[in-house]
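Database features (TrEMBL):
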DOMAIN    A:24-467  domain 'Amidase'
ACT_SITE  A:79  active site, charge relay system
REGION    A:133-154  region 'Disordered'
ACT_SITE  A:154  active site, charge relay system
ACT_SITE  A:178  active site, acyl-ester intermediate
């Protein structure tokens, strides 16, 4: 048994039986990180002391027969977008280097209360803007399945760390696919919950009407168990839904017999890698074989989603990122003369090229004379995209599609061409525009051993059913228990 | 739609970004390409369509009006690049 290859729930069972301690599991993660992270570069920084102290406290609770949660003692990693009290948080940006938050994000507090040792902070595209983690100011993360390739993004560090067995699970955020696309590229499971399902308090904002926090893990059951800890109303987040979370693990093995799964025809037209398409088609057949009915559905406005997303996300980003002005926290250009120059130089030096590009696009879309043509029009098209999903869900229980049109691409391949990078999110971002839950799970490998992901989209707050559909495939096919060699 | 360098400078100024001449040229090209790509939204008829500003209709915007502790000044100022007493220090803004 390789300890770090256990699933979160397998480890939890061993913690309960006393076969393994949280201290041992946490030390095993730290050893694994020391062995492989020089190649993978998933971590921006470790909190060895904090993690070991949390593990020790967890062991004491377990010994007293009083675990704080089902995952008490299971080590986890956090995308560096979550505020951690007393621990540097940079969001992958130079402008926040040295920033030490005065409080924990709500999800961080929930994980601490549930007893999970937080091993460290994981790499990401700067301010979550990107699909390859190459946008990080601190250098790219490498895909554990092929170190010359990207793990996807923006939660690429989270996905790579989970895939490389450096941690048992991680949290990411998903604005246009930033949990699901890296999950697909690394043979892991990633869930973007319904907008409002998980608190965003203390999560650094990119595009506030789209951002959502979600779990990343190596199995569907782990993903469900992690979501269970996070899904609750938070009075500190005004967009948090006032809804009780169901028991996500209760019906997990319920199968797909009798379910109607929609296959959106617009997600299968051109540009897709043939091996990805083949694997997804085979997964669809497998679902049919397991008793689901496949239904051909149409989401006619799909081709407008990318343009809509990039106008709305960048407009919101240009507004959210106005707070990085060099006054209250983060970098300040010390040599600036006057306030205006202080803003300009601080932001010029602190932000990387993709962040500046998106701020520029968003500022343009919101500027006088262009607001109606770009921003307002995109908001209206967003309505049409939502309506597409609403009518599809009158016919089906969930939608199934590829997660990413291509497997992991080479580092450096798309950096110089923003438009081709933006296309990486073409299947994932409509779900964010509509606020729906979406999940990616492993569904196969290319001939060159690169993971392929399957995406399942659901009705609002229907995460339990998505997990059940995902679990049915995982149980039959088990691609998830393959590990990269490092 | 091709953005002129002058337009790029105007947008950069609105966004409070001091771009280098090289960046201005690069963003003029790249933003023009992105704007060309998003121009496809113009082909849709959106008359009579209501805009969606949020994915879910937020119904819980207001919290109970109760006093809660807020961040103490020393914590709020802990990350300040420059401070004077309990205040953030900024360069002189009035000539």
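Heads up, the Cβ atoms here are built off N, Cα and C, so glycines get one too.
Note that TrEMBL annotation is computational and uncurated.
This view paints the features noted in TrEMBL onto the structure.
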{"residue": "A:79", "record": "active site, charge relay system", "DSSP class": "strand"}
{"residue": "A:154", "record": "active site, charge relay system", "DSSP class": "coil"}
{"residue": "A:178", "record": "active site, acyl-ester intermediate", "DSSP class": "coil"}
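In the structure shown, the C-beta of A:178 has more C-beta neighbours within 10 angstroms than that of any other entry among the active-site residues A:79, A:154, A:178. Calculated from their C-alpha atoms, the gap between residue A:178 (active site, acyl-ester intermediate) and residue A:79 (active site, charge relay system) amounts to 11 Å. For the pair residue A:79 (active site, charge relay system) and residue A:154 (active site, charge relay system), the Cα-Cα distance reads 9 Å. Averaged across the domain 'Amidase' (A:24-467), pLDDT for the predicted model comes to 96.
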